[in-house]
Each structure stands twice: as structure tokens, then as C-alpha cells.
């Protein structure tokens with residue numbers, strides 16, 4: 001299952017990119033308040049996605065416009081042919097041309113409706129509205145704000161350690177509310193991951209009580225964000241990051257500017273946005289793709305390496321790396337290996353459904369064909385990831401799987 005290794009790698013990469021945000025945010029908090037930095041970070045994450053969204057929309061619109069041009073040219077050719085014979089059947093040709101024009105208009109209308117349905121409505125203005133609203137509130141506003149408030153009271157390394165709570169929060173919420181299955185191997189992975197956090201903080205001060213409270217609140221906010229993200233089936237990762245970044249970041253930055261006693265420097269704005277692009281933009285898009293293919297809890301275990309990357313990069317601001325970190329890292333490596341290499345296999349059923357999400361044709365669920373009326377301009381090769389509207393029939397089978405988008409069943 002090579003594709004699982006690919007998603008595992010992406011999960012680790014998302015953790016690295018997110019992890020470096022903690023030490024560098026500590027530096028930026030010297031000149032920014034918590035609201036301002038939280039806002040700049042997420043505005044950066046939203047703006048980095050804009051070119052991708054524009055490109056996808058342009059490709060899809062261009063594809064459908066070209067299709068309309070072909071239909072229009074065919075209609076013109078038919079009309080010219082009819083004119084050559086109008087002396088013999090002028091009345092019949094007139095009715096026929098009217099019928100052709102009517103059919104062409106209906107085709108254009110259907111194509112426009114397809115664009116609205118597949119590339120606008122299904123991006124989140126339909127059945128996913130409530131989920132995306134909660135993702136913005138908890139993942140885009142409260143999560144980063146609580147983290148910055150906790151970081152302002154504590155060191156970067158100590159804050160990074162406590163970010164391990166996000167894994168526990170995601171697992172707890174998953175089992176209680178989202179039908180996540182935690183077999184004994186997943187439980188072992190969770191215990192080892194949290195134990196790693198305890199080990200690395202064994203000789204450290206737990207910091208101010210306010211810092212701990214804020215960081216735990218941030219972890220549960222992002223835990224809910226993680227679970228909701230993994231079950232949104234009609235929204236691209238780019239769109240989720242864009243909406244969460246623009247709206248969440250904009251709200252926090254507005255509040256921060258209102259509370260500020262001085263004008264922001266261009267330098268602070270620049271570095272805040274750049275850090276947001278790398279750590280909250282690219283990182284979150286990569287994590288979303290991983291979560292939709294591995295499930296929220298397992299992908300979160302990979303993402304939970306972020307605190308250790310944060311501690312490593314804390315060297316740049318003079319915070320020490322201890323022996324405890326090495327021991328904790330080994331525990332975390334074992335947790336990742338156990339959780340992601342041991343299979344979950346049993347008979348289960350799938351309901352008939354139609355949706356749009358990122359997928360490839362090298363699994364047990366996406367064996368549909370592509371046609372000119374149900375396809376975007378993308379590579380349709382067997383293992384190439386792409387996104388378009390498609391349907392699944394009812395199915396009952398047995399295979400290795402994770403609690404991903406297609407496997408939120410009970411056990």
C-alpha cells in the first residue's frame with residue numbers, strides 16, 4: 001500500500017511545517033499582541049491558497065467554455081447546411097433551426113448549472129455550511145488565538161510540549177462524536193505519544209497556569225477542527241484553508257488592531273504573513289489531504305510530531321535541547337510505526353452516495369469512468385490524485401482501511 005506511505009510522509013511534513021511556527025511566533029510576539037499575530041498567521045495561510053483556487057477555477061471554466069465553442073461551431077455548420085437547402089424546405093428548416101438553437105441554449109444552461117453546482121455550491125455553500133462555519137470558528141479564530149495567548153505566557157519549548165494535547169483532544173472527540181475506531185494499537189500509539197510529551201517536559205517547569213489553560217483550549221479547538229475537516233466530503237483542502245485563513249485571520253487581526261496601542265511595523269506584518277504561509281497554509285493543506293486518506297486520529301499522530309520540530313527549532317532562539325527530547329522522540333517514532341503499519345480489516349458496508357473530493361483510482365472505491373460531461377481538466381491516470389463529482393453504489397466488502405472519509409462506520 002504505497003499510497004499509505006505517501007500520506008504518512010505528508011502527515012510528517014505537515015507536522016514539521018507547523019512545528020516551526022512556535023519558536024518563530026515567540027519572536028514575533030515581542031512586537032505583536034496575540035490577536036494580531038494569530039490574524040497575520042492565518043491571513044498568510046489564506047492568501048497562499050488564492051493562486052491555486054484561481055488556477056482550478058480558470059481551468060474548469062476554460063474547459064467548459066471550449067466545450068460551448070465546439071457546440072456553437074457545430075450549430076453554425078448545421079445552420080449553413082440548412083440554408084443551402086432552404087429553397088426546397090424553407091419552412092421545415094426554420095423549425096429545425098429553432099429546435100437546434102433551443103437545444104444549444106439548453107446545453108449552455110446545463111454547463112453553467114454544472115459549474116455552479118460542482119465548483120461553487122459543493123465548495124461549502126450547501127450541506128457543508130455548518131461544518132465549515134465551525135471549522136472557521138474553532139480552527140481559524142479560537143485555536144490560533146488561544147495558542148498565541150498561551151505562548152505569550154510561556155517559553156517556546158514548553159508550549160511546544162503541551163501541543164501534544166491536540167492528539168489526545170482529537171482522539172477523545174473522535175471516539176465520542178465522530179465514530180472513530182480506536183483499536184488496541186491506536187490506543188498504544190496515543191499513550192506513547194502523550195508519554196513522549198510528558199518525558200520531554202519532565203525536568204521543565206509547566207509554566208504559568210494561564211498558559212496551560214490556553215494551550216489546552218487551543219488543542220481542543222483544533223481537535224474539533226481536525227474531526228470536522230476529515231468528514232467534509234464536498235470541499236477541497238484549498239477552499240477550507242482559504243476560508244479559515246481569510247475569515248478567521250481577518251477577525252483576529254481586526255480585534256488586534258483595535259486593542260493595539262501602536263501602529264504595526266511593515267517588518268512585523270511581512271514576517272507574520274510569511275510564517276503563516278509556510279506553517280499554517282502549506283502545512284494545513286497537506287494535513288487535510290492526509291486526514292481525508294488516513295483518518296483524523298491517525299493523521300493527527302503524524303501531525304503531533306510538530307511539538308518536537310518546534311523544540312528543535314527553538315535552538316535558534318537559544319532554548320536548550322535535552323536528553324529528554326531524544327528519549328521522547330524515540331517513543332514518538334515507535335508510536336507512529338505501531339499506529340500506521342498495523343492493519344484494520346473487517347467486513348463493512350457503504351451506502352450509495354454522490355460527492356466530490358480528492359481521490360485516485362488505485363483503491364477499492366473509485367473505479368468509475370470519466371466522461372466529457374463529468375470531468376475537470378486533470379490527469380486521470382490510475383494513481384494520480386484528482387477531484388470531480390462522482391458516485392458510489394452500495395457495497396459490502398472486506399479490506400484494509402483507516403477511518404477516512406469512506407469509513408466512518410461503527411464497529
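The backbone N, Cα and C atoms fix where each Cβ goes, glycine too.
Straight from TrEMBL, the features:
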- 80-103: compositional bias 'Basic and acidic residues' (COMPBIAS)
- 361-381: compositional bias 'Basic and acidic residues' (COMPBIAS)
- 382-411: compositional bias 'Basic residues' (COMPBIAS)
- 127-201: domain 'EamA' (DOMAIN)
- 210-340: domain 'EamA' (DOMAIN)
- 74-106: region 'Disordered' (REGION)
- 361-411: region 'Disordered' (REGION)
- 39-58: transmembrane segment (TRANSMEM)
- 132-153: transmembrane segment (TRANSMEM)
- 159-178: transmembrane segment (TRANSMEM)
- 185-202: transmembrane segment (TRANSMEM)
- 208-224: transmembrane segment (TRANSMEM)
- 245-263: transmembrane segment (TRANSMEM)
- 269-289: transmembrane segment (TRANSMEM)
- 301-317: transmembrane segment (TRANSMEM)
- 323-343: transmembrane segment (TRANSMEM)
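Under 8 Å from some Cβ of the transmembrane segment (245-263) lie the Cβ atoms of residues 32-47, 49, 136-137, 139-141, 144-145, 276, 280-281, all in the same chain and six or more residues away from its ends.
Looking at the domain 'EamA' (127-201) alone, the prediction's average pLDDT is 83.
Beyond the transmembrane segment (159-178), the same-chain residues lying 6 or more positions past its ends with a Cβ under 8 Å from any Cβ of the stretch are 19, 22-23, 26, 147, 150-151, 186, 190, 193-194, 196-197, 200-201, 204, 207, 211-212, 215-216, 218-220, 222-224, 226-227, 230-231, 296-297, 300-301, 303-304, 306-308, 310-311, 314, 403, 408.
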